[in-house]
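A short worksheet on the structure shown next.
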Amino acid sequence: MRLILFGPPGAGKGTQAKLLGQRYGIPQVSTGDILREAIKKGTPLGLEAKGYMDRGALVPDRVVIGIIEERLQDRDCAKGFILDGFPRTIAQAEALSLALKRLRRDLDCVININIDHEELWKRLTGRRVCCKCGEEFNIYYKKPSQDNICDKCGSGLIQRDDDQEATIENRLRVYKEQTEPLLGYYQKENKLKTAAGQGDIPSVSQKIYQILEENGL
Ligand SMILES: [Zn+2]
């Protein structure tokens with residue numbers, strides 16, 4: 001089973017990819033993880049990526065796609081894989097198609113976790129994290145019993161820089177401008193399926209499993 005999990009920041013792609021991987025016995029391939037892995041192993045592409053990251057520059061698509069292509073040839077990907085967080089642009093999607101062609105593999109399905117803007121906004125801006133133990137809360141969905149105090153250890157809760165409204169607004173804008181057009185790209189390729197992303201983690205998982213079953217996967 002070769003899948004891409006797709007959706008805006010806050011849709012729960014990473015969590016769902018992990019659960020899917022466990023259920024079907026295939027690896028979750030997330031760009032951040034495999035970049036770190038390639039750097040740790042000191043592969044030529046890993047070292048090249050490190051050069052860019054050390055300078056605070058974006059790792060170019062050519063390098064990222066090269067690292068992904070290497071990763072997809074590992075033994076554990078023989079049965080399939082779940083890509084999460086990649087591709088993010090049309091150019092990356094085209095490069096991925098070419099890489100898969102070289103590997104003589106084809107994507108089975110692209111699952112879009114669809115979620116309305118208001119819920120996404122609450123999930124992202126409502127997130128609070130304990131400064132000591134790291135426990136996560138959400139002022140809309142998982143309120144601490146006392147405002148700004150961790151239920152687990154009694155320390156203060158903070159809002160990460162990543163979760164500040166301006167940062168989130170920017171992430172959502174970048175997603176809309178650069179990543180959302182991919183929906184049309186995969187629609188044309190007849191690969192796109194949509195799962196409603198509202199509700200808790202298990203209910204979204206169920207919807208994804210149902211889509212896979214309906215498609216004989
Ligand atoms: Zn705590």
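Here the Cβ of each residue, glycine as well, is placed from N, Cα and C on the backbone.
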Problem - Matching residue for the ATP site, where TrEMBL names Gly10, Ala11, Gly12, Lys13, Gly14, Thr15, Gly199 - out of Arg102, Arg104, Arg105, Arg127 - result: Arg127
Problem - Secondary-structure category, per DSSP, in which Cys130 (Zn(2+) binding site) falls - result: strand
Handout entry: Rounded to the nearest Å - Cα separation of Thr15 (ATP binding site) and Cys150 (Zn(2+) binding site)
Key = 23
Practice task
Find the average pLDDT over the domain 'Adenylate kinase active site lid' (127-162) in the predicted model and report it.
Solution key: 95
